[in-house]
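So the structure is just underneath, and the comments pick up after that.
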Amino acid sequence: CFATVYAAPAEGMVRWCVKSEKELKKCHDLAANVAGFSCVRRDDSLECIQAIKREEADAITLDGGDIYIAGLHNYNLQPIIAEDYGEDSDTCYYAVAVAKKGTEFGFLDLRGKKSCHTGLGKSAGWNIPIGTLVTVGQIQWAGIEDRPVESAVSDFFNASCAPGANRDSQLCQLCMGDCSRSHNEPYYDYSGAFQCLKDGAGEVAFIKHLTVPAAEKASYELLCKDNTRAPIDSYKTCHLARVPAHAVVSRKDPRLANLIYSKLMAVTNFNLFSSDGYAAKNLMFKDSTQNLVQLPMTTDSFLYLGAEYMSTIRSLTKAQATGVTSRAIKWCAVGHKEKVKCDAWTINSFTDGDSRIECQDAPTVDECIKKIMRKEADAIAVDGGEVFTAGKCGLVPVMVEQYDEVRCSAPGEASSYFAVAVAKRGSGLTWTTLKGKRSCHTGLGRTAGWNIPMGLIHRRTMNCDFTTYFSKGCAPGFEVDSPFCAQCKGSGKSVGGDGSKCKASSEEQYYGYNGAF
């Protein structure tokens, strides 16, 4: 029956990877309701990630910990669809620590207790609680050069069930089944970790905020990071972290991503978000899911997980530095022309035989932001609108440009500038007669060129579709087939087509202030 797994998929076919017989049964029932949908069985999330990489499968829903693994260079998968849990949490959920009411200990008193985890390497059940305990100094761990983090966790807790750990280790001591990271282990996943606590096997469970059934909430409490306790419904003020939702991951292929989303949206007469009738929970999708949200194709694992989660991941993968590392600042240059200037800066920054500047390059500011998140680069100069985007990714402004030389020698208020709209004299255009005209913008998402003018226009029209306001224009950063790319010029090269047209970099001649003018 596995012979077909390695065959190339038929055009329009989506192959979903599942990790247990119960999940396979639900998947087959779904496939009976959706044309061009089939199921591929593997033993765990990592095997599914590998199968998708090898094009033996196309998609699987993963939690944050596995999304991180899937996004590493050796797999290079990306999240394409996020689970939406409704108004209370949208496309995020809260990682919480739960104990039975009446037990007298807090989050900072967990040493020597018995613990229940959703699975090794999973977000709410492992990465967040263990990363937090390491960060606050409860778990003593010097890094992977010293010993595996699992060893430090085993020394900290009396006994545990962490599905996916070595079966003979203390981390599997409380498990009921084979301690695998699948539904073959009864204490696996959110419902399993809670059952581990409910059965009395463990004293604390690391789960998500929606796990405890409504009828049982009165018997349990949340453990807060300040060592206090709170009712189960107080998760917004008592949690370990706010975690990105589970997401469907696939290969970086826009056509495939759209196909997967369209297949899921076409499902009728079948509840994607229910595991009733399969003697398990959270099969294929979390049962608490209300909707699915398609993600932009520019979203990779690191952008999706965000800075706070990535910091937690790094706290669990810390290694001692080996050899001599460069002390140079790695500056990210956008496009070829900036890279040329940066390289000249590098040459002129040498002191005592060492360069103080090294250059990385990327095609857009967004790609530079990703490089800085991954620690492949250190810094970039951006405009105010891009500062906002960078801030959402956990980056911070550390220096500002000063346009008044007299004020350079003294700290104080930063420089500012005026965002203006300019037209040719004699055109008769005014701010109120722009509808239907052609527009020139410094770039999509930039302050003077987009955010300020379009924000003012939106305030008046209450319409976010600006293609109905301007007939066409040039706003570098849009998709090349957008009306806002129609007036862009590109690099001016005509041989072999111009891939620079409408790019948000100096490769597009109409990019930036000078370009828009």
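Any Cβ shown, glycine's included, is placed from N, Cα and C.
Keep in mind the model is a prediction, meaning the values are calculated, not measured.
Between CYS196 and the candidates CYS116, CYS224, CYS238, TrEMBL records a disulfide bond only with CYS116.
Residues TYR93, TYR190, HIS246, ASP383, TYR417 are given by TrEMBL as Fe(3+) 1 binders; from ASP63, ASP276, ASP352, ASP354, that same site also lists ASP63. According to TrEMBL, CYS179 forms a disulfide bond with CYS172, chosen from CYS161, CYS172. In TrEMBL, the cysteine linked to CYS359 by a disulfide bond, out of CYS342, CYS368, is CYS342. In TrEMBL, the cysteine linked to CYS238 by a disulfide bond, out of CYS175, CYS224, is CYS224. Counting other CB atoms no more than 10 Å from each candidate's CB, the binding-site residues TYR93, TYR417 peak at TYR93. For CYS179 (disulfide bond), the nearest of the binding-site residues by C-alpha distance turns out to be ALA124; the candidates were TYR93, ALA124, HIS246, TYR417.
Cβ-based neighbour count (10 Å, all protein chains) for CYS17 (disulfide bond) stands at 27. Spatially close to CYS474 (disulfide bond) yet at least six residues away along the chain are SER439, CYS440, HIS441, PHE484, CYS485, ALA486, GLN487, CYS488, LYS489, CYS502, TYR510, GLY515, ALA516, judged by Cβ distances under 8 angstroms.
Largest Cα-Cα distance over the residues recorded as binding hydrogencarbonate, namely THR118, LYS122, ALA124, GLY125, THR442, ARG446, ALA448, GLY449, equals 48 Å. Taking Cα separation as the measure, CYS17 (disulfide bond) is nearest to THR118 of the binding-site residues THR118, TYR417, THR442.
In the three-state DSSP assignment, the secondary structure recorded for CYS485 (disulfide bond) is helix.
The Cβ neighbour count for CYS359 (disulfide bond), using a 10 Å radius over every protein chain in view, is 21.
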